[in-house]
Amino acid sequence: MEEGSMFRSLLAILQWWGFNVTVIIMNKWIFQKLDFKFPLSVSCVHFICSSIGAYIVIKVLKLKPLIVVEPEDRWRRIFPMSFVFCINIVLGNVSLRYIPVSFMQTIKSFTPATTVVLQWLVWRKYFDWRIWASLVPIVGGILLTSVTELSFNMFGFCAALFGCLATSTKTILAESLLHGYKFDSINTVYYMAPFATMILGIPALLLEGSGILSWFEAHPAPWSALIIIFSSGVLAFCLNFSIFYVIHSTTAVTFNVAGNLKVAVAVLVSWLIFRNPISYMNAVGCGITLVGCTFYGYVRHMLSQQTPGTPRTPRTPRSKMELLPLVNNDKLEGKV
């Protein structure tokens, strides 16, 4: 690899890590330090900021070409994806309210396992035995982390776990509903964030509206807090843009490894800021999970290099864009 290309790849990975970790920490800070315990409203703010940001990038600055989607397909294909997309983001924010960042990030690493199991159960899709073997350390690490978690909360745990299922469902639906459209992260947000805002806006208003008014009256510095909340929404959109940059600056294997190291960075930074207790065995479980995710990504990449049509070989990603949602959760999610 040329020195300039290597520098661009490193820069892309570092800015991706920076945006991702900052968004996660800010969301946790909003729930814990600002006492703004309204995950639906936080998610809605992020959707609004992302909708505006995507419009500016595509329509105003023209930094990305618009992928044209027929009006009928927007409701038939994009809307169902947006609904699952919305549930996924909300569950992630709900889990952040109740459990530490370290625990939430470890649980979300369970997504490859839920994706494979759902495709096997629902779509009867065959997977190579090496795929199943690569899931063993992921499942084992999650179990060890959950059993030894000192700040365990069942509601937060379930929200994170169901968030993994939502991410997997989103990935599987994308293969069928978005067939024929080569979406990047910016166009994904451009089409899905407005639908997600529409879906979530009324429930957020009905369920959390009165609570937000009470919080606004009781908080000593509500306007400063609102600036932080909306800033997290802006950074959430910037995260989507950084994902697009890192995909085009690295290989699929590098992206996979960097994605799992990103989780380790997020866990470390969150511990330094919030000082949530982490036992030795809990850290070991997190490490086992991340190693398993890296191995899973490597196995999928190796299988993708096989000649198409190899007997009893599952369909595997043939490009970085296709590999992405099965290894990391950020392509359609972006912590929006």
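Every residue, even glycine, has its Cβ placed from backbone N, Cα and C.
Remember, it's a predicted structure, so these values are computed and weren't measured experimentally.
Going by TrEMBL, these are the annotated features:
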DOMAIN    10-296  domain 'Sugar phosphate transporter'
TRANSMEM  6-26  transmembrane segment
TRANSMEM  38-58  transmembrane segment
TRANSMEM  78-99  transmembrane segment
TRANSMEM  129-148  transmembrane segment
TRANSMEM  154-178  transmembrane segment
TRANSMEM  190-216  transmembrane segment
TRANSMEM  222-246  transmembrane segment
TRANSMEM  253-274  transmembrane segment
TRANSMEM  280-299  transmembrane segment
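Along the domain 'Sugar phosphate transporter' (10-296), the predicted structure has mean pLDDT 89. Counting only same-chain residues 6+ beyond the ends of the transmembrane segment (222-246), those with a CB under 8 A from a CB of the stretch are 12-13, 15-16, 18-20, 22-23, 26-27, 29-30, 34, 36, 42, 45-46, 48-50, 52-54, 57, 64, 184-186, 188-189, 215-216, 255, 258, 330-331, 334-336. Here the transmembrane segment (253-274) sits against the transmembrane segment (6-26); at least 3 CB pairs are under 8 Å, leaving out pairs fewer than 6 apart in sequence. When each of the listed stretches 38-58, 129-148, 154-178, 190-216 is scored by C-beta pairs under 8 angstroms to the transmembrane segment (280-299), 129-148 comes out highest. Among residues of the same chain six or more beyond the transmembrane segment (190-216), those with a C-beta under 8 A of the stretch's C-beta atoms are 35-38, 40-41, 43-44, 47-48, 50-51, 54-55, 58, 66, 69, 74, 78-79, 81-83, 85-86, 89-90, 183, 222, 332, 336.
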